[in-house]
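Listed features, source TrEMBL:
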- 89-216: domain 'Palmitoyltransferase DHHC' (DOMAIN)
- 12-31: transmembrane segment (TRANSMEM)
- 43-65: transmembrane segment (TRANSMEM)
- 138-159: transmembrane segment (TRANSMEM)
- 179-199: transmembrane segment (TRANSMEM)
Amino acid sequence: MGQRIHFVVDPQGWCCMGLIIFVWLYNTIFIPKVILFPHYEEGHISVVAILCYYFCSLFCIASLLRASVADPGKLPENPKIPITEREYWELCNKCNMMRPKRSHHCSRCGHCVRRMDHHCPWINNCVGEDNHWLFLQLCFYTQILSSYTLILDFCHYYYFLPLKKENWDVFVFRHELALLRISAFMGLIILGGISGLFYTQLMGIFTDTTSIEKMSNCCEDISRPRKPWQQTFSEVFGTRWKILWFIPFRQRQPLRVPYHFANHV
């Protein structure tokens with residue numbers, strides 16, 4: 001969708017990402033099979049509940065896959081530096097290449113990334129200038145999907161009417177309790193972890209600082225916003241249209257960041 005493909009060869013990252021895809025696939029298959037479709041057939045819920053669940057699931061996996069393969073902002077080997085911006089570039093002491101300030105060298109990927117936030121093993125990729133918006137969408141839709149799954153698990157036992165028609169010869173109904181307990185356990189773990197990460201990411205955008213800058217303590221007044229929050233979010237998502245901040249099926253158009261806001265990393 002208009003973005004360069006970036007593929008990281010990292011077995012640890014493959015394992016982490018594979019685990020996330022397994023959790024997503026598990027809930028996408030069993031939750032509709034055990035809860036949504038049976039209760040819909042007996043008139044306990046509407047088709048809107050099923051469509052909302054699949055939309056959340058689709059947006060979640062789309063943001064995951066795009067964040068994993070999207071180029072986070074890898075610098076070319078011989079970047080062309082405009083004359084008016086040369087004072088805002090510096091030499092990387094690891095790869096001996098020129099890079100703009102706020103860039104960082106990722107030791108796992110082996111190159112510098114523009115406005116790198118961190119390297120995330122769960123997407124097997126760096127989170128940088130060009131895919132940070134996809135990472136935020138992934139955190140957002142993962143929270144929604146996990147919360148929705150937990151609500152359905154709870155309502156299935158304590159709110160919805162008991163099912164009248166159940167085929168106990170089918171595996172998912174013979175092991176219904178175990179499957180839903182596993183689903184609830186995974187939902188709680190993921191919701192707790194992602195909520196903390198998402199909050200940290202939002203605070204970073206509000207204060208216009210990356211996770212690396214926070215850890216290096218190289219920014220003055222790190223808790224004070226340097227720009228209006230609408231501007232910092234627009235720069236991350238590549239558009240000022242707020243409705244587009246929630247759509248992963250689009251191309252990001254970079255907004256020029258004034259260099260007088262740049263920090264040195």
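Cβ coordinates come from backbone N, Cα and C, glycine included.
Automated prediction, rather than curation, is the source of TrEMBL annotations.
If one looks beyond the transmembrane segment (12-31) by at least 6 residues along the same chain, the residues whose Cβ comes under 8 Å of a Cβ in the stretch are 53-54, 57, 60-61, 64, 68, 121-125, 145, 149, 152-153, 172, 179-180, 182-183, 186-187, 190. Residue counts of the domain 'Palmitoyltransferase DHHC' (89-216) by helix, strand and coil are 68 helix, 18 strand, 42 coil (DSSP-based).
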